[in-house]
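Student: Okay, here's the structure, questions in a sec.
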Amino acid sequence: MALTKLSASLGLLAATLGANALPSPSKYTYSVKETHWVPRAWTEAGSASKSDLINLQIGLKQQNEGLIEQHLTEVSDPSHERYGEHLSAEDIKSMITPSDDTLTLVNEWLQDHGISTIGMSPAKDWFSIVVPIEKAEELLQTSYKTFRHHDGSTVSRAPEWSLPNHLHEHIDVVQPTTSFFRPMPEGKGWGPYDKGPHHHMSWWEHTGKHMYGDRRHNWHDKDAAAVEAVCNASFVTPDCIRTVYGTIDYEPQVPEKNSMGLTNYLNETNKRSDTELFLKTFRPEAADAAYTFDIIEIANASNFQGNISVEIELNRNIEGNLDVQNMLSVAWPTPLTAFSTGGSPPFIPDINTPTNTNEPYLTWLNYVLSQDELPNVISTSYGEAEQTIPESYAKRVCAGMAQLDSRGISVLFSSGDAGVGADGTCYSNDGDNTYMFLPAFPASCPWVTAVGGTAGFNPEVAVSRFASGAGFSNLFGMPSYQQKTIEGYVDSLNGLHDGLYNKSGRAYPDVAAQGNHDAIVWGGEITTVGGTSASSPTFAAIITLVNDALIAKGRKPLGFLNPWIYSGAYKALTDITSGSSFGCNTTGFPAQEGWDAVTGFGTPNFDKLVRAAFAKGWDKGWN
């Protein structure tokens, strides 16, 4: 088993600073930096113990704000002369390292409070300190309270915190303050897993494979006939996915030069024994990969590979199994790395996410951005309502995604499973209870490729058993690469749902893939699951194979996909024109010709995507 064990959430470099005497209270003038609501499941239970230790992570203002995004726009635009000139980790570090003023002022503030040992991220844009709560209260002019979850677990948090006035422009975020996470295993809680019937492995030999397997056909010879022969909409196998998207006959040429990755959160991992059974059943030649892909543990993440009965009792590893089984069964033998991250980040409750089940994206980002080598494609199948995320946190996470993109990495996220918002929950959580559509994050970040869900074959349609996540961000403006396309779509709506969404926000999803009744092995048995959690790893695996074709010819991987897609490569996708992103007790946004806020530009056609990746001009005859 390939396994790397990491004990810290950040790749910290020890730095010791000279300690000065404690300041007088009058040295700094403070004002409130951030306030957020306490999640509904938590109740204040008195003052926190002053002597308890807390690890504060301080996000410093990065230098050259907007420069990374400028570089990203240029190197990701096929029409730009710098297209494909991706940045290195060292390049990015030199761009974002905080200014000398920021470093000096923050260091001085900490030293004045007697803090002598500070951990730093490689770019020095994150400081980490371990102090007693009493010291944290002094530092942030706040009062930490003990909050008790309804399950009995407790945490110490400060729902409002302050900074010296002169540091407001130098510090973006400090956590844990407003963050609430349970020190207990927690479920994902985002969208339905909707597990189908469970079958013992013997069922496949006696019944299943005669119904759903061993019927491979050549995509090039019989497009519709091949799909009809191999695909069943109620039990979607890897052979079906590989046939409908055109990779069934493609053999990776340089897998040793290529790579792909996925992420796990909330105590999920990728069960190797289940994955071996899955691959032996549906992709026998890939079975050994179940024990050769890497699992990297970050921040005390779970990697439970033990008793199946425990896995079933805790309802755990469904997501992890789905992701790894989808990616390996499509893109094998490309090496795969699974990043498992522990903990939960800042959270503001809303009706549909009443407790803290957010994923610790920032902890993961701080780790991966410190690494020199990363997978060319990374898929994540998690998300939450955008309004549950403190804005300062969301923007630092999104900026981290842009840094990954700038290094030539394709970052994909599921768009969510609640359409424009779960019925009965579509109200703002700012105290005004405004009726509104609820976009999802990180799908709403303009620097990720958001993947919606489809179902059925000949033709594919937007999934209707649940609603493919879609919408317009309330935090992030519409990026230039999609402006013309989205404005046309909004105009075509003729005022539909005006006032419920932000017409000038980043719109998603960008693309789509199958997300309905995908076959997996979980708990030693065959079952099916649904959700855009299946769509993102599937699309990511297809892009991994496109990268293989590029690398084999001496070309670089695609990197950030969206400018390439919106500028013309959308012609390589199969347009989905039926369905809607229903939710919030409405029909949501409709699917139609071209881009739509249901399935984006549509689903992959591998041959066309490869031709698009090699094309010099999008208006020439490759399509």
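Every residue, even glycine, has its Cβ placed from backbone N, Cα and C.
Quick paste of what TrEMBL says about this protein:
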ACT_SITE  Glu319  active site, charge relay system
ACT_SITE  Asp323  active site, charge relay system
ACT_SITE  Ser533  active site, charge relay system
BINDING   Asp575, Ile576, Gly594, Asp596  Ca(2+) binding site
DOMAIN    235-616  domain 'Peptidase S53'
SIGNAL    1-21  signal peptide
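Each of these features: where is it, how hidden is it, and who are its neighbours?
Tutor: In the three-state DSSP reading, Glu319 (active site, charge relay system) counts as helix. Of all the Cβ atoms in the protein chains shown, 27 others lie within 10 Å of the Cβ of Glu319 (active site, charge relay system).
Residue environment of Asp323 (active site, charge relay system) contains 29 other Cβ atoms, counted within 10 Å of its Cβ in all protein chains.
According to DSSP, Ser533 (active site, charge relay system) is assigned to a helical segment.
Of all Cβ atoms in the protein chains displayed, 15 besides its own lie within 10 Å of the Cβ of Gly594 (Ca(2+) binding site).
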Student: Excluding Asp575, Ile576, Gly594, Asp596 themselves, which residues in that chain have a Cβ inside 8 Å of the centre of the Cβ atoms defining the Ca(2+) site?
Tutor: Thr577, Ala591, Gln592, Glu593, Trp595, Val598, Thr599, Gly600, Phe601, Gly602
Student: Tell me the Cα distance separating Glu319 (active site, charge relay system) from Asp575 (Ca(2+) binding site), rounded to the nearest angstrom.
Tutor: 27
Student: Round to the nearest Å and give the CA-to-CA distance linking Asp323 (active site, charge relay system) with Asp596 (Ca(2+) binding site).
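Tutor: Asp323 (active site, charge relay system) to Asp596 (Ca(2+) binding site), Cα-Cα distance: 26 Å.
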Student: I need the most crowded of these binding-site residues: Asp575, Asp596. Count other C-beta atoms within 10 angstroms of each C-beta and give me the top one.
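Tutor: For the binding-site residues Asp575, Asp596, the Cβ with the most other Cβ atoms within 10 Å is Asp596.
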Student: Would you mind reading off the Cα separation of Glu319 (active site, charge relay system) from Ser533 (active site, charge relay system), to the nearest angstrom?
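Tutor: Their Cα atoms are separated by 7 Å.
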Student: Using Cα coordinates, what distance in whole Å links Ile576 (Ca(2+) binding site) and Ser533 (active site, charge relay system)?
Tutor: 19
Student: Can you tell me how far the Cα of Ser533 (active site, charge relay system) sits from the Cα of Asp596 (Ca(2+) binding site), in Å?
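Tutor: Given the Cα positions, Ser533 (active site, charge relay system) is 20 Å from Asp596 (Ca(2+) binding site).
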Student: Where does the mean pLDDT land for the domain 'Peptidase S53' (235-616)?
Tutor: 92
